[in-house]
């Protein structure tokens, strides 16, 4: 299997080093904005968001005069990230302390809401609870009770601007009816796959701190590289998984949801078949729930955690996973809905996911499981096992669409896993470009309004997500559509849909930056003599000759076509093309006028 994406990192150690206050690079960046009333922190898994919140929360209590800090997490297990922490020994002015009575993520569900209400009426300062407890407690207390308090929402992508989202409604109510401060934290670079997290007018209130995935991984000590690959199968995935499951690597296997097309509809049988493929089950430990399997190839005993079986013993398995310390404590995890968000197994080298995942946030979370820095690995891998279209298959259109969506998701991941560029319009020949600094581009329109500037600086990845998930755009992955039609017709259409208030001039400015950024992040840099060249699609270009017209002649999704061509045989490619052709791209009259000279 050849990877569609390969990224190398420089092991600078920067993201792990701490300053005189004991803060890592991301935490120090967030702490600089500690006085903001509303703060949105976007940073990848394992970058230290929990501790960043501790620093900010303590400053708000001690130096800014706030009364309380309330931390809401999506599930109980994540509450342990906010346990008592010694910060003073590393240079900070106070330790993070939580009274056991106020950690509502421990134990059963009895009287959690009562405990929350008691906390709000007491002089206690710090409380940890789940999103669910926060929602139910909110119904019992007035918005004004949150005056002069900090409400921190971890895994903020769970919030939604949808009118039916109770967490979203709660947040809007607190913003508009109290003097509360809010810190929102997320490891996802995409607001949501259809509904935004916040209404635009609410989002404008937030100061933003972004720490990129590239900064995080490039600043690691051990990790040198990361790859994203696809493997296509026909029939049932359980008969093909052995082709991509390397049992020498510490691996998390995510099997498909029982409602998905890839599922056999019997999740327990699927786990059984995977175990049989690996080896012979020797026994299951009564205390821990861990399954001991004697590997077929060499007789080595592997320790495997089954998180799919949701019977009584799963709590024991979860408890075992929480206390893993040694490399040999575990070899493989098989999971369905678990081992994603907030789950920590630094030794994991490979995440193998069966079937397409509709949520980009979920893909970010899954990838985050294998990209932790650890002494046992220099390379991490995400593999997606996807059904190959079959002409005899009744759901061939569904399979083709699923494949295109999966490939678009990995192209999006490449956009956040590679370094960011700074683009400027080339005004004279003496300006020198560099892929590690500024890139000068002939004919590039620079932002003419504050609105465009904000979109380019803060929302470009969200916009790319909308573009790549657009069904019309995905039809261009087969390589049959002229790049200029994609870049100058289809992409502006999506921009206009997402930002209906932009003028034509503003749309063009945003379009140029989106296309340019997408093309450059998929390009490879090569130095020949004293000159730097960029290889993009089938072109090899001197970095000083970058021109917006040249960029517009390149399909930014060329890689999608390349992966399809390499991994699939001719009959399957023909089938994909025919399926796409059956659903032609629709153009209005103005668009046809633009396209006509090319036909």
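Cβ from N, Cα, C; glycine included.
Sequence annotations record features per position, and here Swiss-Prot assigns ATP binding site to 43, 44, 45, 46, 47, 48, 49, 50. DSSP classifies residue 43 (ATP binding site) as coil under the three-state reduction.
Sequence annotations record features per position, and here Swiss-Prot assigns domain 'Helicase ATP-binding' to 30-207.
The annotation domain 'Helicase C-terminal' is assigned in Swiss-Prot to 236-408.
Here Swiss-Prot flags 154-157 as motif 'DEAH box'.
Break the motif 'DEAH box' (154-157) down by DSSP state and the numbers are 2 helix, 0 strand, 2 coil. Listed in chain order, the residues near the ATP site other than 43, 44, 45, 46, 47, 48, 49, 50 are 26, 52, 187, 211, 216, each with its Cβ within 8 Å of the site Cβ centroid. Of all the binding-site residues listed here (47, 50), it is 50 whose C-beta has the fewest other C-beta atoms within 10 angstroms. Taking the Cβ of residue 44 (ATP binding site) as centre and 10 Å as the limit, one finds 25 other Cβ atoms among all the protein chains shown. Applying an 8 A CB threshold to same-chain residues 6+ apart, the list for residue 46 (ATP binding site) reads 216, 344, 346, 368, 371, 372, 373.
Residue 49 (ATP binding site) is surrounded by 24 other CB atoms, counting those within 10 A of its CB over all protein chains shown.
Under the DSSP three-state reduction, residue 48 (ATP binding site) is assigned to coil, being neither helix nor strand.
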